[in-house]
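Taken verbatim from Swiss-Prot:
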DOMAIN    13-104  domain 'HIG1'
TRANSMEM  41-57  transmembrane segment
TRANSMEM  76-93  transmembrane segment
COILED    91-145  coiled coil
REGION    139-220  region 'Disordered'
COMPBIAS  164-179  compositional bias 'Low complexity'
(Lines of atoms letter the chains of each structure in order from A and count residues from 1; the text may use other names and numbers.)
(Lines give C-alpha, C1' and ligand atoms only; values in the text may rest on other atoms or scores of the structure.)
Protein backbone atom coordinates (compact mmCIF):
# COMPACT_ATOMS: atom_id res chain seq x y z
CA UNK A 1 0.00 0.00 0.00
CA UNK A 2 1.56 3.32 -1.01
CA UNK A 3 2.44 5.67 1.77
CA UNK A 4 1.29 9.28 1.86
CA UNK A 5 4.83 10.61 2.08
CA UNK A 6 5.99 8.49 -0.87
CA UNK A 7 3.07 9.00 -3.26
CA UNK A 8 1.93 12.53 -2.47
CA UNK A 9 4.80 14.40 -0.89
CA UNK A 10 7.57 12.60 -2.74
CA UNK A 11 7.80 15.29 -5.40
CA UNK A 12 10.09 18.22 -4.75
CA UNK A 13 8.30 21.35 -3.55
CA UNK A 14 9.47 24.97 -3.87
CA UNK A 15 11.81 25.98 -1.10
CA UNK A 16 9.77 29.11 -0.33
CA UNK A 17 6.82 26.95 0.71
CA UNK A 18 8.69 24.41 2.85
CA UNK A 19 7.06 23.91 6.24
CA UNK A 20 4.55 26.64 5.35
CA UNK A 21 1.44 25.43 7.14
CA UNK A 22 -0.17 28.89 7.01
CA UNK A 23 -0.19 28.70 3.23
CA UNK A 24 -1.97 25.34 3.28
CA UNK A 25 -4.61 26.53 5.75
CA UNK A 26 -4.98 30.08 4.41
CA UNK A 27 -8.31 31.80 5.03
CA UNK A 28 -10.17 33.68 2.26
CA UNK A 29 -9.61 37.17 3.73
CA UNK A 30 -5.94 36.43 4.32
CA UNK A 31 -5.67 35.31 0.70
CA UNK A 32 -7.26 38.59 -0.52
CA UNK A 33 -4.86 40.72 1.50
CA UNK A 34 -1.94 38.64 0.29
CA UNK A 35 -2.99 39.20 -3.33
CA UNK A 36 -3.30 42.94 -2.68
CA UNK A 37 0.21 43.02 -1.27
CA UNK A 38 1.62 41.01 -4.15
CA UNK A 39 -0.09 43.02 -6.94
CA UNK A 40 -0.87 46.52 -5.61
CA UNK A 41 -1.12 48.09 -9.10
CA UNK A 42 -4.34 46.27 -9.93
CA UNK A 43 -6.39 47.72 -7.07
CA UNK A 44 -4.74 51.11 -7.73
CA UNK A 45 -5.86 51.06 -11.38
CA UNK A 46 -9.35 49.95 -10.36
CA UNK A 47 -9.57 52.81 -7.89
CA UNK A 48 -8.43 55.37 -10.49
CA UNK A 49 -11.03 54.05 -12.95
CA UNK A 50 -13.85 54.47 -10.44
CA UNK A 51 -12.61 57.94 -9.49
CA UNK A 52 -12.46 59.11 -13.15
CA UNK A 53 -15.95 57.78 -13.84
CA UNK A 54 -17.45 59.63 -10.89
CA UNK A 55 -15.62 62.81 -11.89
CA UNK A 56 -17.03 62.51 -15.43
CA UNK A 57 -20.59 62.02 -14.13
CA UNK A 58 -20.67 65.32 -12.20
CA UNK A 59 -19.71 67.61 -15.19
CA UNK A 60 -22.31 65.80 -17.27
CA UNK A 61 -25.01 66.85 -14.81
CA UNK A 62 -23.77 70.44 -14.94
CA UNK A 63 -23.56 70.35 -18.74
CA UNK A 64 -19.78 70.83 -18.83
CA UNK A 65 -18.89 68.65 -21.81
CA UNK A 66 -15.15 69.55 -21.80
CA UNK A 67 -14.58 68.41 -18.21
CA UNK A 68 -16.70 65.33 -18.79
CA UNK A 69 -14.67 64.32 -21.84
CA UNK A 70 -11.43 64.77 -19.89
CA UNK A 71 -12.69 62.51 -17.11
CA UNK A 72 -13.85 59.92 -19.63
CA UNK A 73 -10.40 59.91 -21.18
CA UNK A 74 -8.89 59.61 -17.72
CA UNK A 75 -11.23 56.69 -16.99
CA UNK A 76 -10.13 54.91 -20.17
CA UNK A 77 -6.48 55.51 -19.30
CA UNK A 78 -6.99 54.20 -15.74
CA UNK A 79 -8.78 51.14 -17.07
CA UNK A 80 -5.97 50.48 -19.54
CA UNK A 81 -3.45 50.88 -16.73
CA UNK A 82 -5.37 48.30 -14.71
CA UNK A 83 -5.31 45.83 -17.60
CA UNK A 84 -1.57 46.34 -18.10
CA UNK A 85 -1.00 45.83 -14.37
CA UNK A 86 -2.95 42.58 -14.50
CA UNK A 87 -0.93 41.33 -17.48
CA UNK A 88 2.39 42.34 -15.92
CA UNK A 89 1.46 40.81 -12.61
CA UNK A 90 0.34 37.59 -14.30
CA UNK A 91 3.66 37.32 -16.12
CA UNK A 92 5.67 38.19 -13.01
CA UNK A 93 3.82 35.85 -10.65
CA UNK A 94 3.28 33.06 -13.18
CA UNK A 95 5.83 30.77 -11.53
CA UNK A 96 4.45 31.41 -8.08
CA UNK A 97 0.94 30.73 -9.31
CA UNK A 98 2.03 27.46 -10.85
CA UNK A 99 3.68 26.56 -7.57
CA UNK A 100 0.51 27.55 -5.71
CA UNK A 101 -1.61 25.41 -8.01
CA UNK A 102 0.78 22.48 -7.55
CA UNK A 103 0.72 22.88 -3.80
CA UNK A 104 -3.06 23.05 -3.79
CA UNK A 105 -3.20 19.86 -5.83
CA UNK A 106 -0.74 18.17 -3.48
CA UNK A 107 -2.83 19.23 -0.50
CA UNK A 108 -5.97 17.75 -2.05
CA UNK A 109 -4.13 14.51 -2.81
CA UNK A 110 -2.76 14.36 0.71
CA UNK A 111 -6.20 14.95 2.23
CA UNK A 112 -7.76 12.27 0.04
CA UNK A 113 -4.94 9.85 0.90
CA UNK A 114 -5.38 10.52 4.61
CA UNK A 115 -9.10 9.86 4.32
CA UNK A 116 -8.41 6.62 2.47
CA UNK A 117 -5.87 5.54 5.08
CA UNK A 118 -8.35 6.26 7.88
CA UNK A 119 -11.02 4.32 6.04
CA UNK A 120 -8.68 1.35 5.54
CA UNK A 121 -7.65 1.40 9.21
CA UNK A 122 -11.28 1.47 10.26
CA UNK A 123 -12.04 -1.50 8.01
CA UNK A 124 -9.07 -3.41 9.45
CA UNK A 125 -10.22 -2.70 13.01
CA UNK A 126 -13.73 -3.86 12.19
CA UNK A 127 -12.37 -7.01 10.53
CA UNK A 128 -10.26 -7.81 13.59
CA UNK A 129 -13.24 -7.29 15.88
CA UNK A 130 -15.36 -9.55 13.68
CA UNK A 131 -12.70 -12.27 13.71
CA UNK A 132 -12.34 -12.02 17.50
CA UNK A 133 -16.10 -12.27 17.97
CA UNK A 134 -16.28 -15.32 15.69
CA UNK A 135 -13.43 -16.96 17.60
CA UNK A 136 -15.24 -16.39 20.91
CA UNK A 137 -18.44 -17.86 19.49
CA UNK A 138 -16.58 -20.93 18.18
CA UNK A 139 -14.86 -21.45 21.55
CA UNK A 140 -18.15 -21.24 23.40
CA UNK A 141 -19.77 -23.66 20.95
CA UNK A 142 -16.87 -26.13 21.30
CA UNK A 143 -17.04 -25.94 25.10
CA UNK A 144 -20.80 -26.49 25.01
CA UNK A 145 -20.41 -29.54 22.75
CA UNK A 146 -17.68 -30.98 25.00
CA UNK A 147 -19.84 -30.50 28.08
CA UNK A 148 -22.82 -32.10 26.31
CA UNK A 149 -20.72 -35.10 25.23
CA UNK A 150 -19.37 -35.52 28.79
CA UNK A 151 -22.87 -35.50 30.26
CA UNK A 152 -24.09 -38.03 27.68
CA UNK A 153 -21.22 -40.45 28.48
CA UNK A 154 -21.68 -40.08 32.24
CA UNK A 155 -25.45 -40.79 32.22
CA UNK A 156 -25.34 -44.53 31.12
CA UNK A 157 -22.63 -45.34 33.67
CA UNK A 158 -24.63 -43.80 36.50
CA UNK A 159 -27.76 -45.72 35.39
CA UNK A 160 -25.90 -49.06 35.43
CA UNK A 161 -24.48 -48.42 38.89
CA UNK A 162 -27.92 -47.55 40.26
CA UNK A 163 -29.47 -50.73 38.79
CA UNK A 164 -26.78 -53.00 40.20
CA UNK A 165 -27.14 -51.33 43.59
CA UNK A 166 -30.90 -52.06 43.70
CA UNK A 167 -30.39 -55.71 42.71
CA UNK A 168 -27.73 -56.18 45.38
CA UNK A 169 -30.04 -54.65 47.99
CA UNK A 170 -32.83 -57.10 47.06
CA UNK A 171 -30.43 -60.05 46.87
CA UNK A 172 -31.36 -60.71 43.27
CA UNK A 173 -28.05 -60.23 41.63
CA UNK A 174 -26.76 -62.92 39.37
CA UNK A 175 -23.79 -63.79 41.60
CA UNK A 176 -25.76 -64.28 44.87
CA UNK A 177 -28.91 -66.15 43.80
CA UNK A 178 -27.80 -67.76 40.61
CA UNK A 179 -30.24 -65.76 38.54
CA UNK A 180 -29.12 -64.94 35.09
CA UNK A 181 -31.37 -63.75 32.41
CA UNK A 182 -35.09 -63.76 33.13
CA UNK A 183 -36.63 -67.18 32.45
CA UNK A 184 -33.41 -69.22 32.36
CA UNK A 185 -33.07 -70.19 36.03
CA UNK A 186 -36.65 -71.61 36.55
CA UNK A 187 -36.33 -73.80 33.48
CA UNK A 188 -33.02 -75.16 34.68
CA UNK A 189 -34.42 -75.98 38.17
CA UNK A 190 -37.48 -77.72 36.72
CA UNK A 191 -35.43 -79.88 34.39
CA UNK A 192 -33.12 -80.81 37.29
CA UNK A 193 -36.07 -81.82 39.49
CA UNK A 194 -37.51 -84.02 36.76
CA UNK A 195 -34.17 -85.70 36.20
CA UNK A 196 -33.73 -86.45 39.95
CA UNK A 197 -37.19 -88.14 40.34
CA UNK A 198 -37.00 -92.00 40.24
CA UNK A 199 -38.20 -93.64 37.10
CA UNK A 200 -40.08 -96.40 38.98
CA UNK A 201 -42.31 -93.96 40.79
CA UNK A 202 -43.19 -92.30 37.58
CA UNK A 203 -44.33 -95.60 35.85
CA UNK A 204 -47.49 -97.34 37.09
CA UNK A 205 -46.98 -101.18 37.08
CA UNK A 206 -49.84 -103.81 37.12
CA UNK A 207 -48.94 -104.76 40.71
CA UNK A 208 -49.46 -101.28 41.88
CA UNK A 209 -52.75 -101.12 40.08
CA UNK A 210 -54.02 -104.31 41.80
CA UNK A 211 -52.88 -103.05 45.19
CA UNK A 212 -54.78 -99.87 44.74
CA UNK A 213 -57.92 -101.78 43.70
CA UNK A 214 -57.77 -104.06 46.77
CA UNK A 215 -57.45 -101.14 49.09
CA UNK A 216 -60.47 -99.53 47.51
CA UNK A 217 -62.57 -102.71 48.03
CA UNK A 218 -61.65 -102.89 51.69
CA UNK A 219 -62.59 -99.39 52.20
CA UNK A 220 -65.97 -99.89 50.64
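Counting starts with 1 at the first residue shown.
Here the Cβ of each residue, glycine as well, is placed from N, Cα and C on the backbone.
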Tertiary contacts of the transmembrane segment (41-57), as residues 6+ beyond its ends and Cβ separation under 8 Å:
67-72, 74-75, 77-79, 81-86, 88-89
Counting each residue once, how many in the domain 'HIG1' (13-104) are helix, strand and coil under DSSP?
79 helix, 0 strand, 13 coil
